[in-house]
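*Asks:* Once you've had a glance at the structure underneath, I'll fire off some questions.
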Amino acid sequence: MGNSCRGSFKDKIYEGNHSRPEENSKSTTTTVSSVHSPTTDQDFSKQNTNPALVIPVKEPIMRRNVDNQSYYVLGHKTPNIRDLYTLSRKLGQGQFGTTYLCTDIATGVDYACKSISKRKLISKEDVEDVRREIQIMHHLAGHKNIVTIKGAYEDPLYVHIVMELCAGGELFDRIIHRGHYSERKAAELTKIIVGVVEACHSLGVMHRDLKPENFLLVNKDDDFSLKAIDFGLSVFFKPGQIFKDVVGSPYYVAPEVLLKHYGPEADVWTAGVILYILLSGVPPFWAETQQGIFDAVLKGYIDFDTDPWPVISDSAKDLIRKMLCSSPSERLTAHEVLRHPWICENGVAPDRALDPAVLSRLKQFSAMNKLKKMALKVIAESLSEEEIAGLRAMFEAMDTDNSGAITFDELKAGLRRYGSTLKDTEIRDLMEAADVDNSGTIDYSEFIAATIHLNKLEREEHLVSAFQYFDKDGSGYITIDELQQSCIEHGMTDVFLEDIIKEVDQDNDGRIDYEEFVAMMQKGNAGVGRRTMKNSLNISMRDV
């Protein structure tokens, strides 16, 4: 596993323009409802007197039949990347583009190349986001735990960011592979993560999307080769500057972000969530739905009673409490975290091995969504023409130029005709989620696969069909061997099969029966931090 091209929408929450601080609002605006929140101990009423968030309307810059060669995202012409590098296998894929292994032709040194589709950049803010990401990577260059940018290049179709190759895989994968680790090791990893936060803040940068997936190892055998990647949501900030756009990932988002009044303190909260997961294997704020997670974050209750917390040191729990303090002004700064006794050099974090159950939970935490995603694909592929006739009609109605693909503008206009009240950012989120091949448009097959979340998933006959696909021998149970065969068929080789079985298998017989399968499919998709067609599209499909 190498550098991954993380989706800017798949793993994020979007409420408004994610690149604009409060004081930079433009005169042309639209009104969006505030995030629902219960009463909390911390009073933010003075900071949030308006009942609604006012955000700028994005000005589109990309249109069908526009010659993309006539403008530069980077603002200037660059050398042809293929004159300097050889691009080879794909390392990862996200909503904006794909990351490839690339080799410097002159030196033979391997790098990672994140290629961003210019067709995805549908507004001026999108272009500014890419420019800012590159600027921030250059600005932070030189820190030993931040991925190093080599250069940025542009051609008629893509912006290419060449950066240091992190071939050691994700932080969590390394922990799982190790089989056990101690509080001391968790303290060492936390020191690296918070050190990145301190470096960013000292240089006037707020990361805004810290999470374990955004930390990769350069060398799988060296835990200290950890590097922060993906600065796509990062912004420059000035002391005292207030931001109110809701960005991040559900498990890791700070309460003040949900309340749309925040600054760099939110990064410390997120680092505290990561620390809690490192020590327990589960996030501190948990629910079956995204709104439930948000409510838990705003409530702020931290569980230190259930296993393994009774055997975790008091010093570790003290640090977590101070990092997950609901009041940003009372929360530790990154510098103060690094001075805490549990984390500092020769600190008090014990070297006692943590409960193996923590590792098990980590594996289960990462495995569930892979099976669910595979099952959704199976359902999409099993639908008959009769079942999708209504969806085909909807697709054809949206595809106004009969090109066989829906553009952003066509999707926006089509949803309006069907009664949708979604914001532009939410519509863009849906489009990015549905556009599997990153073409900048949604083709027919992608549209069907996405819209089955609306009106097909809960149909029992389709759940039966999907279950039968996995139940190869028709025994009424999905076994680990059958699951392995299905994973191979779908090219999913990095799945922890035993943990999928364990998580779904409610009666502990080592198999998944139909009722357990249905329960998994109907369970809130809590591990995915993006809006989906199912939970975002505010239209009725009964007559479609």
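A Cβ is built for glycine as well, from the same backbone N, Cα and C atoms used for every other residue.
Below, the features straight out of Swiss-Prot:
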type	residues	note
REGION	1-47	region 'Disordered'
LIPID	GLY2	N-myristoyl glycine
COMPBIAS	26-40	compositional bias 'Low complexity'
REGION	349-379	region 'Autoinhibitory domain'
DOMAIN	497-527	domain 'EF-hand 4'
BINDING	ASP505, ASP507, ASP509, ARG511, GLU516	Ca(2+) 4 binding site
*Asks:* I'd like the per-state residue tally for the domain 'EF-hand 4' (497-527) from DSSP, helix first, then strand, then coil.
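*Replies:* The counts are 17 helix, 2 strand, 12 coil.
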*Asks:* Taking 8 Å from the centroid of the Cβ atoms of ASP505, ASP507, ASP509, ARG511, GLU516 as the cut-off, which other residues in that chain fall inside it around the Ca(2+) 4 site?
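*Replies:* Same chain, not in ASP505, ASP507, ASP509, ARG511, GLU516, Cβ within 8 Å: TYR477, ILE501, VAL504, GLN506, ASN508, GLY510, ILE512, ASP513.
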*Asks:* Over the domain 'EF-hand 4' (497-527), what is the model's mean pLDDT?
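*Replies:* The predicted confidence over the domain 'EF-hand 4' (497-527), as a mean pLDDT, is 78.
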*Asks:* Enter the number of other CB atoms within 10 angstroms of the CB of ARG511 (Ca(2+) 4 binding site).
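*Replies:* There are 19 such Cβ atoms around ARG511 (Ca(2+) 4 binding site).
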*Asks:* Which of these binding-site residues has the least crowded Cβ, counting other Cβ atoms within 10 Å: ASP505, ASP509, GLU516?
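*Replies:* So among ASP505, ASP509, GLU516, the binding-site residues given, the one with the fewest Cβ atoms within 10 Å is ASP509.
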*Asks:* Near ASP507 (Ca(2+) 4 binding site), which residues of its chain come within a Cβ-Cβ distance under 8 Å, counting only those 6 or more away in sequence?
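*Replies:* Non-local contacts for ASP507 (Ca(2+) 4 binding site): ASP513, GLU516.
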